[in-house]
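Positions annotated as transit peptide by Swiss-Prot: 1-136. Annotation comment: Swiss-Prot describes H228, H232, E309 as Zn(2+) binding site. Annotation source Swiss-Prot lists active site, proton acceptor at E231. The active site annotation in Swiss-Prot covers E302.
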Amino acid sequence: MASFPSPPLAAAAAAAPPRLAPGLPLAAAAVRRPSSLARRSSIALAAPANPLRCIHRRAVSPRLRRRTEAVGAASAAIGSLGEEREGCLSCFPRGRRRGRPGLARFAPCALPHTYGLSSLHSGLTGAKIRRRHVLHAAGPDEPHVASPTWSETALDKHYVDQPIGKEELEGFLNTPLPSHPKLVRGQLKNGLRYLILPNKVPANRFEAHMEVHVGSIDEEEDEQGIAHMIEHVAFLGSKKREKLLGTGARSNAYTDFHHTVFHIHSPTKTKEYGEDLLPSVLDALNEIAFHPKFSSSRVEKERRAILSELQMMNTIEYRVDCQLLQHLHSENKLSERFPIGLEEQIHKWDPDKIRRFHERWYYPANATLYLVGEINDIPRAIREIEAVFEHTLPEGEAAPMSTASPFGAMASLFAPKLPGGLAASLTGERSPAADKIKPVKRERQAIRPPVEHKWSLPGVAQDAKPPAIFQHELIQSFSINMFCKIPVNQVQTYKDLRSVLMKRIFLSALHFRINTRYKSSNPPFTSVELDHSDSGREGCTVTTLTVTAEPQNWRSAIKVAVHEVRRLKEFGVTMGEMTRYMDALIKDSEQLAMMIDSVPSVDNLDFIMESDALRHTVMDQLQGHESLLAVAETVTLEEVNTVGAEVLEFISDYGKPDAPLPAAIVACVPKKVHMDGVGETDFEIHPEEITDSIKAGLEEPIYPEPELEVPKELITQSELEDLKLQRKPSFASLSKEENVVKIFDDETGIAQRRLSNGISINYKITQNEARVGVMRLIVGGGRATEDSESKGSVIVGVRTLSEGGCVGNFSREQVELFCVNNLINCSLESNEEFIFMEFRFALRDNGMRAAFQLLHMVLEHNVWLEDAFDRATQLYLSYYRSIPKSLERSTAHKLMLAMLNHDERFVEPSPHSLQKLTLQSVKDAVMNQFVGDNMEVSIVGDFTEEEVESCVLDYLGTVSAPKSSKTQEHIEKISFLPFPSDLHFQQVYIKDTDERACAYIAGPAPNRWGFATEGNDLFNVIRSSSGDAQVSESANTDLTERKHNDVRSHSLFFGITLSLLAEIINSRLFTTVRDSMGLTYDVSFELNLFDKLDLGWYVIAVTSTPSKVHKAVDACKGVLRGLHSNKIVERELDRAKRTLLMKHEAETKTNAYWLGLLAHLQSSSVPRKEISCIKELTMLYESATIEDLYLAYEHLKVDESSLFACIGIAGAESGEETTDDELDMGLHGMGPIGGRGLSTMTRPTT
């Protein structure tokens, strides 16, 4: 199930550079991480955040084609297409891609297994980790990558017993940091470097990445985009890579400023014969990187794909990110060498032009090979590397270096007519005579990327740039970014690490400082973020202050942000703040060290790659923790404030003669804004007004920060004892027929309990993550319980509770700091069927009891505030008004509106509905669902039976929950729009300066458990259709056939078959619509399978151009309906099974996946979910036949009378424009524009 984070009012994060050991620290582990988004170090600070972060889960959600996004978080799609749909990740960010509305909440999977754990709120950070400024072209099947950031909680304050002398301290601090003890580095004679790291997770698999140190920054004026083109052609043209697909391997590629990376995630051995796959994987990488075939047919195919990609990714987010980068790096080529390239140049290149660029840059000495995984015999691995690569362009046969002519591509026109060899050297081209020239030793560039920066340093004389303004009709919110650019501080000694720690402590405080300003009913800003980041891609460290706000509040928002920055800079952090954050940081570091053997190989690999790019010392988790402990003992409050103040000087001292000048100030603003009572009016803003607002904020009077009392516990022991005496918690019988108070399944290790107040308990003890646990409360009901007079009440109510963040007598700040101290991440969410509350916690220092205390307080002593209700209402009003400015959301909105017969429960509430809501009505809508037998709590982690059952009895058993629920009786009928209707096919037009197009095709499907609309039980249909065959069966029916009939009667039959079917349809869509017909760059099929509601639907999402989009829609329909004429074959089914089973096997090593499997195990509203669904999942996949898939296919409504389609077209002459008045209801709004480079990476080709 997809997690769709609430818009950015709750967005906040603090992640610090550089993370010196791979893995995901606890406080960030549950934060959704875009795959491959930013392999860099970051200290990010965002505000305002909530202790209870709210996430609404919508029916219309983004595509889920991605791998696991967080350590301990299950893949959002067991069944997205795996090894077959390979391609390039081009110019969209993986993180931002989640914001593209699709119409499927679930990707194909038999059992839902994520309800948002991957989006949990970090108690310290306040929200998700922001990764920025990453122009990154990437490859086909999105990789699972390491977070380049530290969590916002990590280090502990330890004081030395005896004082250390100054000289002794200096000697220690200048000592080099230790290097990773298991990391093996080497270099072949031809210059190819390699790194090998044995790693146990995932078992029996390894990562092989070939990094070529060439990217868009190395392109000449007439080559813009050619590195990305080579990535496409070389990767997708490799026959050896294709042969690996049948082994269960997945592959990918990406390009960005400074490098191109090809990578393969492979089993260690073939399943059938146990053959070692490392030689084949290395051979494929060798072919891809150094021996590609630049055939005309492949070049033309990829040219079409990239041109389609370029138009598709040209969203307003992309254009904003380009503006930010262009102003930040205006003095060098980073401002104009975006990986996707220029359309007019992409049209022109012939194979020879592309081949010459490849010859210039793709050679072994300019590449690094990374091997991480279950590589037990390192000497043998080195021999395999030597055998494959040693003879690839060895030094003695190296081609002469191509010398770039000062005239670039025009050199041949100006060069004199000289003999071939000399003329070629002048033009940079090879001639036959060149082969006789003594070869030149080719080495990689010493500085990557090879650019010069203008640094924002004190006393550096340069002219101040006036604020730049980017204004566009598709921008909804106001945002401003203030940038400071300095050289990267390479972390190689304890002194360097100490500086990082002090910056983290200092910047962590700013989040809470600004948070206190967020308590008013109408805050002037939407979010304020401070990001301090090392970027290997850009070769610099950038500090960014980002402020987003409603356009009418922009002046006040700027003033508040810069005022808080100046206050922190002038007064510094308090002793209490320093101690608090030091404690949290050291705890988090210790937790990470305990998880040293559970970090996925790809996380380790990407961490090493980024660290090497930044020239940071690479340590393992244990070394990182010990080093942090050592430097923590030496940190003083005075030094923390001195180091931190230097980071903020470009803001706090803005306008002073000796202050460091901002590298750029960029405001991104709308052209028109909505004014109550007036409507749309022009939005005017000038650079001098921005400057005046900054200066005005800095002149406001400042006061020091008072110390805040942080609770050590939310429920005292005496209070707990009183509760136990009053409510006498106990475990009750699980069955009315038998007196069974506990069920334990030996095969799965799952235990089931039920409390006397009706709350159901499921738990599983694992060692997947050392001394870490996860917990989820599921409450039945969700938005489906909203009636015609309370539309939006549940979603606004959940958001209101999150916005308040208070419990009992504890303020929101106290609750958040309680989470910080106990390493608790939590989130509050809702969807159409359920309300969720989720936790991730450490088990050290009673962390599990602290998490249970917080859950108890939310259930028993929740606080509903009028100002929080006002903020939540305003938030959804803003989202609604932003719909017409998004092509994808407008198109999806119109389709959903038609398909579900104007049912507002599946979309965002309209302004009319919001006006009807009151604080009491939303409170009632939410809390009426919190009744005992309607609540289920699941816990998974490295705890003991005694620990978990004690917490359950003490904190859940003492909840005074009512014992009966009538929620289901209040669910109004849900139906699809009947045929015929003009709304079965619609079009949306958006006015834009650039042309784009997209389309959604959708239709009814069953739910996960075999129920269709009107409550029809499809198992009865199957039984009745096979009744005649059963009557005529002989008594000697084959045992295998009998067993298969049992599979068809299994409660998960439709979940299994539909997920397999989705895999196959996805594959066919890609092969037909994208690859063969060239009508799209991106097409996907997804299923929305409900658990409780008796319906579901499928969605095909396709992007195209205005001239091709109608053909693309027809082609998609043809694929969808063509499964009868073009029958499924065993090869397709086997590949789909292998993909889903491999993902299932890998995910069972994570706590969050098990948390999802436990969901609804005792839910009365999901009666067909039982323990056999978990135990027999693998068997069900393996047993599925083609006939089974066609049984499921018959219940996907694909005929013309059942199918709905909506085409969206954007352009200057796109027709009648969609307006606010045409929207009866809305979908999730786009987050405020902000953050550098978030959408400029390349999209996946699959």
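Note that Cβ sites are derived from N, Cα and C of the backbone, with glycine treated the same way.
Structural mapping of features recorded in Swiss-Prot.
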residue: H228; record: Zn(2+) binding site; DSSP class: helix
residue: E302; record: active site; DSSP class: helix
residue: E309; record: Zn(2+) binding site; DSSP class: helix
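Cβ neighbour counts within 10 Å, taken over all protein chains shown, single out E231 as the most crowded of the recorded positions E231, E302, E309.
The 10 Å shell around the Cβ of H228 (Zn(2+) binding site) contains 32 further Cβ atoms across the protein chains shown. Counting in whole angstrom, the residue listed as 'active site' lies 10 from E309 (Zn(2+) binding site) by their C-alpha atoms. Counting in whole angstrom, E309 (Zn(2+) binding site) lies 14 from the residue listed as 'active site, proton acceptor' by their C-alpha atoms.
There are 28 other CB atoms within 10 A of the CB of H232 (Zn(2+) binding site), with all protein chains counted.
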